[in-house]
Amino acid sequence: MSKPVNLVLLYGGKSGEHEVSLVSAASVLKHLDSEKYHIIPIAMDKSGRFHRHDYNDLLACSDKLPVVTEKSTPLEGLLINGRLAVDAEIVFPVVHGPLYEDGCLQGLLELAGVAYVGCDVLSSAIGMDKDMARRLACINGLKSARYKLLSWHANASERQQFCHEVASEFGWPLFVKPCSLGSSVGIHKANNMDELNAAVADALRYDEEILVEEFIVGREIELAVLENSIPCGKPRVSMVGEIKVNHPDGYYSYTAKYLESSQTDLIIPAQLNNSLEEQLKQAAANIFSYLKCKGMARVDFFVNDKTEEIYFNEINTLPGFTSISMYPKLWQATGIAYPDLLDELINLAMIHHNCRQHLVTNYL
């Protein structure tokens, strides 16, 4: 039997999605094969400090993993002298939000010369920015909701003018979103000017730039994409899933997603005609390729039921892995069990790392 691969499970972090990460990490820990991997859990607290745990100490944590315990060991940093602080061949990041999902962490791991699961620096950075992702995703005629951007540099007068302009152009309701955040953190539905002003102020607490977009009447559709391990092979796309929100918020808010998820239905497979389903799968594969994604991504759309028009919403290059997360659920329904999915992602990460190791970096 081959020696287990030393794998760092990295979770937590100082972002608005810290709590989501703890839940995702517990689910990943549960499904990783301990005979294949020597698992080294490393948590990041909300101040950015690192804490190493023993795998066996966390096995009883079924709902979410702890950040600090009596048995955890503080680390000086994730890297020491430019290399990973622990002996590991690969890092599995189960972290979300700025610094971790936007290419920063990926760049750090590149500098450390260690393999890591998921997209690289470029695709992570593009995917995290809703504006940039839409610009690339919609280059061949695919639509997205109309939107306008607002920077935190705008003064009170400029913010007020902006709010009146978007309301006049797009009508009500409007959606306000931080440009580079996920898990519905900082997202609001605004039905009038007072709500819009409050939503803009709150969203700017989480990001330097926000977008305000028109409301699209339609169904919320999600697809999971997995890179093909065959060189030059087309991305693999799961069956189509749908999110039906019965929550009073009226949309897939943070509360509806994580705190009161019983009021949200995840429908797999979504009931769509064959033609529309194929269009969605092709669009998801195209977007994955346009953004040069590696490993995995979840691609989200809105579909107008009457016209069957497809609107790209966003791409998530480090999707959630909680028990209710669409990414693993879609692959389970498509025929790839959760542990096999993790194995596949780790294998893809090792392939990319080995390729990078063979690149020429000395030109003399």
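Glycine is treated like the rest: Cβ placed from N, Cα and C.
Among the features that Swiss-Prot reports, ATP binding site is placed at 167-222. Taken residue by residue with DSSP, Ile216 (ATP binding site) is part of neither helix nor strand, so it is coil.
Sequence annotations record features per position, and here Swiss-Prot assigns Mg(2+) 1 binding site to Asp300, Glu314. According to DSSP, Glu314 (Mg(2+) 1 binding site) is assigned to a strand segment. Here Glu314 (Mg(2+) 1 binding site) comes close to Lys130, Ala133, Arg134, Val299, Asp300: these same-chain residues lie at least six apart in sequence, with C-beta atoms under 8 angstroms from its C-beta.
The Mg(2+) 2 binding site annotation in Swiss-Prot covers Glu314, Asn316, and the record cites sequence analysis as its basis.
For 134-347, the entry in Swiss-Prot reads domain 'ATP-grasp', with the evidence type sequence analysis.
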Long-range Cβ environment of Ala167 (ATP binding site), under 8 Å and at least 6 residues apart: Leu174, Met193, Leu196
Inter-residue Cα distance where the pair is Leu181 (ATP binding site) and Asn316 (Mg(2+) 2 binding site), in Å: 10
For Leu181 (ATP binding site), the three-state class that DSSP assigns: coil
Conformational class of Glu209 (ATP binding site) under the three-state DSSP mapping: strand
Cβ neighbour count (within 10 Å, all chains shown) around Glu209 (ATP binding site): 18
Greatest C-beta neighbour count within 10 angstroms, which of the binding-site residues Leu174, Leu181, Ile216: Leu174
